[in-house]
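Here's what TrEMBL has on this protein:
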- A:15-34: transmembrane segment (TRANSMEM)
- A:99-119: transmembrane segment (TRANSMEM)
- A:125-153: transmembrane segment (TRANSMEM)
- A:165-188: transmembrane segment (TRANSMEM)
- A:200-219: transmembrane segment (TRANSMEM)
- A:240-273: transmembrane segment (TRANSMEM)
- A:285-308: transmembrane segment (TRANSMEM)
- A:315-333: transmembrane segment (TRANSMEM)
Amino acid sequence: MRALSNNSILNTKKFFLIYFFCIFLLIILFLYSLSLGPVYLSFEKVLQACFQSEDTFERRLIVETRLARTIMACLVGSSFAVAGVMLQSITKNPMACPSLLGVTQGAGLGIVVILALFPFCPLPVYLSCAVVGGIIASLLTYIVAVSVGISPLRLILAGQAINALLYALTQAILIFLPTRAGVILINLNGSVAGANWQQLTYVAPVLILLILIAIFNIKNLHILSFGKDVASSIGLRTEFLIAFFLFIIVLLCASSVSLAGPILFFPLIVVHFSKFVVGENPTHLLPFSIVFGAILMLFSDCLMRVVFANQEVPVGFFIALVGAPILILSSRMKRLLKNA
Amino acid sequence: MLKVLNKNIYLFILFFLLLLLCYFYLMIGISSFSVLEVWNVLTNNKLISGTQFVVGDVRFPRVIIGILCGAMFAMSGSLLQCVLRNPMAAPDILGVNSACSLFILLFTFFIPNSFAFSNLIYAACGGCIGFFVTILSSLENKRINQTRLIIVGVAVGALFKACCQFIIMQSDERQSSLVSFLTGTLYHSSWNSVQQIIYPACFLIFITFFLYRQLDILLLSEETSSSIGFKVTKWKVIVILLALMLASVAVSGSGSLGFIGLIAPNIAKILFGYSHKYNLFGSCLIGATLTLLSDLIGRIIFPPYEIPAGLVSIIIGAPYFLYLMKNIGRYK
């Protein structure tokens, strides 16, 4: 932990260096993701297709199928990351993660319920149901956590029980949807394979707006991360701010879930890695994790596509494999023990 | 709390309830039968082929598997809670169940030609590995941090479950019945599967009942029990191994039934107190009853479809888990 706290006094120059390196990495991954697929395109062709207005085969292939998937992976990754950072700053709990507190699973349940009742509902309805599901689930976790007593470990335990409950309900409802179950099931494990422009045009503006709101609130987040007392002594309306941030977190998660399904552990991985690199100061952590979230999501998607070339393996599996050990490690962190 | 006589009566009532539930289970379903018809099948009297098939060959094995697996999960939970001194310990919470499922899936996927009791052996290996991963990662200064144990267990469970899902995605259609190992269902029960698990199950349950004295001593503090000449470490290892075997046999029979191993021992503690002489019987009966009840509910709630027993038991069990968390302070 001492190494981490030293890291947080990272000077600005070094931070920008890391930041630009990551953006560079992201761009390369972006192009690589565009070139991947049943028809492999070389980098040159991808670049040509992107910057020429001629209507070639490659251009169509990229714009109509691969670009949506790539953009979606970036967006979903970034917004999960933002949600994770905000949640950890608010709760001051290194294990907090929207996917462990029932928020994403709740959004997933909302979607499954609305699909069971109205199979062909328009997209905005679909999205709002995800939001409602997420809000209900997070309220449930909150109520339980308050009555159980909020210690970091117990909060996660309560979240896990609610997660299990919501998961069981989701699976039970899926039994009644035999025709669409296969598609939804893949999506429920977290996958960006179902990307299409129609969904993206609805959800992308919402996500970008929410991420921007988060960025503009970095200062408040930073102050909140020092604790309620400090924040209210400066004159912040802490209760209002926390509620507002929680609402943003739920919105971010629900919208991402409606695109890619509940990806377990993803925010946790991003936040922990980002903390390791740039320290715990939200002013550095938030921008870095936005970029890193996008990188991780794109990377895992590309990896799954390369390793399992002829079938669609959800990204969620890979993330769960990486994420579970990180959860175990984070439960062993010394700082946590002092609080617990 | 309760007098011995009362405890005996309680046990008897529970047993009676379980029998009643079994009979009820055989009677109702998509096609329901009268009390007399079921009785005739059970006594091999005046056989009607249709009734004989549905009651005798479809529902009856299911009842047996349900009772055995429920009882084994509950007992495994009792043993683990006793040894680890944690009222929230249970095979599914500690990641044992998913590890068992993973190993069964792995080996049936890569070694299709299996021998007679292969599943049991695979499951036992998996259970041990899962348990030791959990215990090792929750150790701190050679002691187990109780709350962390549960979180680590859940994480290990999630890890193995992801591997399971991954293997299932790799397998082709004909192995789609493997999916049932993930959620836990009695749907695939047949006389064959009863044959597979009935001997090891009865053997393990029988042995466990004889250990009630040792279990009671394990509840005492370590100094007290070693001062009366009790080899604590030896018995701890034996009891844990027994619990793991129970869980793995149960998983190979019905897949992972969530939360049964957690709720049943705790209800038994409320009804029968901490003495294992009654507690073990009680938790056994309650586990069996809960499993049958979950399967029955899943079967009759939306008739043409069937909700797996594992899902119903999670829906019943998760709220109880939360309630338990609230009161966990009292157990220490």
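A Cβ is built for glycine as well, from the same backbone N, Cα and C atoms used for every other residue.
Where the annotation comes from TrEMBL, it is an automatic prediction and has not been curated.
Note: the stretches the transmembrane segment (A:240-273) and the transmembrane segment (A:15-34) are not in contact (fewer than 3 CB pairs below 8 A, sequence gap of 6 or more). For the transmembrane segment (A:200-219), same-chain residues at least 6 beyond its ends with a Cβ under 8 Å from one of its own Cβ atoms are 68, 71-72, 75-76, 78-79, 82, 86, 123-124, 127, 245, 248, 251-252, 255-256, 258-259, 282-283, 286-287, 290. If you look at the transmembrane segment (A:285-308), the same-chain residues 6 or more away from its ends with a CB under 8 A from one of its CBs are 15, 18-19, 22-23, 25-26, 29-30, 32-33, 36-37, 69-70, 73-82, 84-85, 192, 211, 214-215, 218, 221, 266-267, 269-271, 273-275, 277-279, 314-315, 317-319.
When Cβ-Cβ distances below 8 Å are used as the criterion, the transmembrane segment (A:99-119) is approached by residues 83, 87, 125-126, 129-138, 140-141, 155-156, 159-160, 162-163, 166-167, 169-170, 173-174, 176-177, 180, 184, 188, 249-250, 253-254, 256-258, 261-268, 327 of the same chain, each at least six residues removed from its ends.
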